[in-house]
Amino acid sequence: MLGRTLREVSAALKQGQVTPTELCKNCLSLIKKTKYLNAYITVSEEVALKQAEESEKRYKQGQSLGDLDGIPVAVKDNFSTTGIETTCASNMLKGYVPPYNATVVQKLLDQGALLMGKTNLDEFAMGSGSTDGVFGPVRNPWTYSKQYRERSRQDAGDDSHWLITGGSSGGSAAAVAAFTCFAALGSDTGGSTRNPAAHCGIVGFKPSYGLVSRHGLIPLVNSMDVPGILTRCVDDTAIVLGILAGHDPKDSTTVRDPVQPASIPGGMDVSRLCIGIPKEYLVPELSSEVRSLWSQAADLFESEGAKVIEVSLPHTCYSIVCYHVLCTSEVASNMARFDGLQYGHRSGVDVSTEAMYATTRQEGFNDVVRGRILSGNFFLLKENYENYFVKAQKVRRLIVKDFVDVFESGVDVLLTPTTLTEAVPYLEFIKEDNRTRSAQDDIFTQAVNMAGLPAVSVPVALSNQGLPIGLQLIGRAFCDQQLLTVAKWFEKQVQFPVIQLQGLMDDGSLVLENGKLTSASLTQR
């Protein structure tokens with residue numbers, strides 16, 4: 001049952017083939033069996049079981065709340081959750097229990113979803129590997145897959161070369177990929193949902209800025225943060241988006257009355273599409289395998305009658321630097337609230353208020369967070385403001401205009417890589433500093449956040465080493481439905497193979513009728 005799609009499980013619940021409590025207990029059992037992944041910071045077992053009981057009563061009375069009623073979900077630990085610790089994987093917020101739910105969390109709960117727990121991340125979502133949180137790094141489930149073990153000739157007993165998930169929503173991605181929940185919330189500031197989705201072989205969606213409320217998402221970069229959705233198929237993403245999208249009076253950036261369906265059409269006329277291939281994204285660092293799959297995907301669209309053209313986003317070369325200046329500047333402002341006076345960690349130093357404040361931040365933040373705060377404050381200094389922050393804002397407008405010009409030229413969707421390579425071993429990943437890693441891993445994703453556009457990463461194939469590779473589709477602002485419709489068609493064509501977590505399959509945790517996962521019909525082209 002755990003390998004089925006969200007819609008299939010919802011139907012099974014309505015037909016009485018499984019109960020919410022059985023489903024919840026199966027997921028909780030799998031969370032314990034995959035604890036080595038470190039995907040969860042907090043497992044809300046009692047809460048989930050209580051929610052499952054309430055869901056079960058509704059089903060017995062024929063009063064189901066909808067497609068999410070009784071469905072296990074997980075939430076990244078930078079979304080506020082009533083009565084459940086919210087840490088942002090930081091010493092600064094250890095022990096902090098919010099008095100309210102983030103709007104997106106509340107919307108899931110209002111639909112009867114079961115909250116399995118809070119997932120791991122880079123501290124305050126600052127990173128691209130999910131390796132820098134105080135609770136330790138997240139491990140990619142594909143490290144332990146049959147596909148990777150066989151192709152890379154890794155010894156099943158050798159645990160020293162485990163792979164990163166990507167970040168910063170790596171815990172949410174690992175939770176979904178390992179079948180411990182059917183959907184998870186991430187946050188996306190520069191690719192933090194799409195990056196781990198690509199590395200973990202699942203779908204990662206970043207909605208248009210303003211489509212989904214940010215209220216209760218502990219802010220990193222207010223002008224770019226968007227709640228993201230991670231699922232195992234595009235249709236599941238559409239279902240969750242249909243629930244989350246909408247105006248929120250608590251978030252002034254949300255638009256009014258967005259039209260979002262609960263599902264997307266199964267068929268579409270691909271021949272009417274114009275697919276743009278940004279020439280600036282063909283960078284030297286791009287692996288040959290990703291480059292080849294990108295080309296094959298373009299050929300696939302063209303073979304079905306779509307018009308595929310090369311387009312230019314001329315200011316792409318400036319986007320990483322621009323993103324860094326704007327990101328760190330907003331980080332410096334947002335992190336100022338963590339001063340040890342109102343909530344969160346407070347140093348025992350009592351020599352003076354200034355000393356307590358400084359020591360609190362030294363003890364509460366890691367090197368990555370402190371570094372971004374220092375950089376941001378430098379850019380915001382009176383003598384630097386015009387030369388850095390203001391110029392970066394102007395460049396951002398040029399980047400936005402690049403996308404507008406391309407879409408106004410008739411392009412419907414842009415097709416790009418999501419990441420430079422497949423997931424890399426942790427020991428290799430940590431050889432680079434955080435800033436360098438983020439610049440490399442977010443190269444194809446961060447411009448979308450600056451432009452406020454919707455984007456989705458879809459897994460397309462396994463690399464020669466048996467690891468997932470994802471490609472990104474970018475759409476016009478608030479054309480999220482069209483983007484997901486294209487993504488669903490694309491997903492159906494590539495038929496990405498399901499992960500084979502041999503240990504779990506051997507003990508029956510993921511076995512369905514005929515001994516196969518429902519999604520096992522997805523086979524590599």
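Note that the numbers count up from 1, one per residue, in the order the chain is shown.
Backbone N, Cα and C atoms are what each Cβ position is placed from, and that goes for glycine too.
Over in TrEMBL, the protein carries these features:
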- K76: active site, charge relay system (ACT_SITE)
- S168: active site, charge relay system (ACT_SITE)
- S192: active site, acyl-ester intermediate (ACT_SITE)
- 27-484: domain 'Amidase' (DOMAIN)
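Sequence-distant neighbours of the residue listed as 'active site, acyl-ester intermediate': residues of the same chain at least 6 apart with a C-beta under 8 Å from its C-beta are A125, S128, G167, S168, S169, G186, G228. The Cβ of K76 (active site, charge relay system) lies under 8 Å from the Cβ of K118, T119, L121, A125, S169, G171, S172, A184, L185, G186, S187, each of these being in the same chain and 6 or more residues away along the sequence. Mean pLDDT, taken over the domain 'Amidase' (27-484), works out to 94 on the 0 to 100 scale.
The Cβ neighbour count for S168 (active site, charge relay system), using a 10 Å radius and every protein chain shown, is 38.
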